[in-house]
Amino acid sequence: MPGRRRVRVLLGVLAFIVVALLYTRKSEVETYGGYVTEKVVGGGSVLRPKPVAQEPAAQWTASMSVRTERRVEETTAYKPLAAIPATTRRTTQASSASAHVASSTATPSPVTATVHQLPPITADDEPGYEIGEGRKDNAEIPQSTTSAIRWVKQTEHFPISTTRQLPTGTAKPLPKIQYAGKDAGKADVERLAIIKEAAQHAWNGYRTAAWGMDEVKPISGGYNNPFNGWGATLVDSLDTLWMMGMKMEFEEALEHVRNIDFTTSIRSDIPLFETTIRYVGGLIGAYDISNAKYPILLEKAVELAEVLYSAFDTPNRLPQTYYRWKPAFASQPHRATNRVVMAELGSLSLEFTRLAQLTGEPKYYDAIARITDAFEEWQNNTRLPGMWPTTVDASGCAKPAQIAFDSSANQQPVPGGEGQMMVAGPPVRGAAGANIVTSIGTNVDREQHAVTQAKLEQKTAPKEFDTYVVKRQLDDEASRIQTTMDVLSNATTYQEDPVRRAVQAGTGASSAVCLPQGLASTNKRASETFTLGGQSDSTYEYLPKQHMLLNGLTDQYKDMYIAAADTVANHLLFRPMNPDNLDILLSGALKVSVNMTTSEYINQLVPEGDHLTCFAGGMFALGGKLFDRPQDVEIGRRLTDGCVWAYESTTTGIMPEVFTAMTCEGVKDWKEECKWNETAYWRSLDPWEESRTRVVPPVVASTVVRTSTGGSSVAAATEASATSASAGGQRVEETLMRSSSSMMALQTAAAEGATRVVQKVATSADEFDVLTVDLQDDTSIPHLERRQLDNEPALPSKPATPLLPPSPSPSPSTSPSSSSSPPHSTPNANPPLYTPKPPLPHPSFVAQKIASDRLPPGITHIRDRRYILRPEAIESVFYLYRITNNPHYREIGWKMFLAISESTRVVGGYGNAAIDDVTKGAPEMRDSMESFWTAETLKYFWLLFGDSGEGSLDEWVFNTEAHAFRRPERGGG
């Protein structure tokens, strides 16, 4: 008994010690958390708790788990959120928005006050991806653990001296865009009810399984957070809810909006473009469409815009498109990257202009006006005047050391300096770090002094250039953008170089490491792509729309649109050949490369159809009406019909993401007539018919022998089947090696006595033979060295005694052939070793390709077969219907809606899902529903069948996420 008491006492003491230790450690972390975060973890980093169910931000407190087996009821009846079990939805933590705003405007903390004491940027501050691709699909990014770190407004490093004001004056009356006859379209109540039910199905799935998250996974009931976890689908859908009369759902979503904290995020960076069009655009659109009934919407838009405005604090005022918001990084000076996706830079104007009009704060308009000026200045000086390449250098800084070996930099901190001529930090080098510029002769603009720059490049350019490939999102093509991934580490820990030492010491030939420039190409040697598709689309879309939003008070956007539209018409449009000879157009992509010998540009049109380019039909039709260009309205009609043709060509009735179309042979201008030519179409599917159908002669078998001389093994062989000798007993001098893709002639001997190795690759990739033929020795000619086996040295040639290989069955014996007599063999002793299959004739090959690739007529290749609920095609159908009042477009739109609903609706699930292949009879669903399904696609279907007075194009401007901004009264803001 005493022993047991002692054990209990000891256990009690141990338990007390453990509890005391845990309590003490918790108190220390709570008391010194800020110090530990700053000094131990690193600037902008966070303390990492144990890997338990983490909460992305303070506003979410409920468990993040989702019961995947639960399915939302198939009903349109609205249920209060409280009626949904807590285990199947997300709840928000009621936190004071005003407190968050106050914290962002408070006196800077010691972390921001003493910038020089900040620790280096750590891996936690790296974004999930560096470079975006315009309006593209988004994969879920890894969510880093977060703490109470919040964005704090910093003192600007590059303040502006003057602020551009909104244009003022008496606006000219703009032409009417929408058809205004008495027979203008009336609401189709029956179809509107079906579309509304589809929207309710998607919304109920989101609020049930992913409330407050960015996106719902419609099959499993999970969620994605690619857009900072602020509830992208919720904010994106606000004006859709209002339009469709779903007011209770709107009010419920509004309560969540009140508690969104835009000063903290689950991501270490903020994608400027996506955040602007979805969140800022969604809040402003809901504010406008609800007639300013809910001031909180504008307040939250301003709260977010203040965070985003900090991204413009760069030397040339062009923004960082991926803004690192944490104080440790945001407090440092930066400049924009030298590899920016063009659409992400040029698609901010509508949102910031409308915010300036609503708030009277001109700095928002100033921010985008400077971007527009940069685009306008460069527009007619690109490789394709009138358009801009898909990626641009927005750094405003041509660094000589980087010009020399043409490497890429990315959002590099810029220590010290002021204005355009600031010292721009260490040049970012790739692996070839030894290739450094040691002297710069002159400090001049490279564009104005091409000869001097060419000499500099010839002197200092290395032989190789290091590039890094990055991928942002959307499971699309991982294919395209090169950038420097290690730039942040280079920004804080880099090797000193002679140029920087010379500049700091003032002893260099030139003290400039940054030559001022405007927008520029990212690489003078690499090819550039000009397109209306992904990475470019909304920049062009915003030109006529911005003219409308500004009431035509400036012609800047009009002139830029006309220049771009003319260039597109002259270089990008093509007429696809189709069996019905439809009068349609598609907009391709122009690849412009540089001939490094002559410096001439080489243009190559890629005849691709891209779902993202389908907005162009609506843009041309809108621009044609707005600027009195009837030819543009006609182009818009034909472009829209081209996308409709792509929809109607597939098994599902849905257009694929990217495909290649057949162009008309001999037609140089899309204005010319184009007739279907099946022969030409088949030839495009079998371009290598001549070489593919070339008959390969059968290969004769050989007998391989081995001889051993002095412990060495040498391969020798005698031909088992000989060719009949011609007069004079000539031997075969040459053997051909053929494959399905190439034919190579091998001539390995010039006379008898030589050893020949004949390598034959069969026409089928599954068959491969190597034949070794040993001809009789002949002492009358020089001996040619034999192929060695087993890495043994060559031995003097001796007559070989054939050793027959073991065989399970008896075989006829043969005598060695003498050097004076031709070889012979027993008839049928060794049949042909390989007889290639006869190639398919041209018609059979084409038929097989069409069937296996599921190619619709007129389409030669499908690069991306998915459909991810995109809206661009129905968007243009809506614009064409409102402009022409042609009921044909309503019928087209209804077919599209039925096709999409049939293939994408998750019955018993949580919305609509993307599909993997539109050419399949039964495509597989992907567990993804982007926010633009409810924000754009369903909204355009709704407006197509709604009354023509709802969402009138003469009263509203739709941003690239289909958020409706009210056009201000003439002359006002």
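Cβ atoms here come from the backbone N, Cα and C positions, even for glycine.
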### Task
Please work out, from what TrEMBL records, which of Cys614, Cys664 forms the disulfide with Cys643.
Cys614
### Message
Using a 10 Å cut-off on CB atoms, tell me which of the active-site residues Glu657, Glu872 is the least crowded.
### Response
Glu657
### Query
Hey, how far is Glu657 (active site, proton donor) from Glu274 (active site, proton donor), Cα to Cα, in Å?
20
## Note on the structure
Rounded Cα distance, in Å, between Glu274 (active site, proton donor) and Asp537 (active site) is 14
### Task
Provide, as an integer number of angstrom, the distance between the C-alpha atoms of Glu872 (active site) and Asp537 (active site).
10
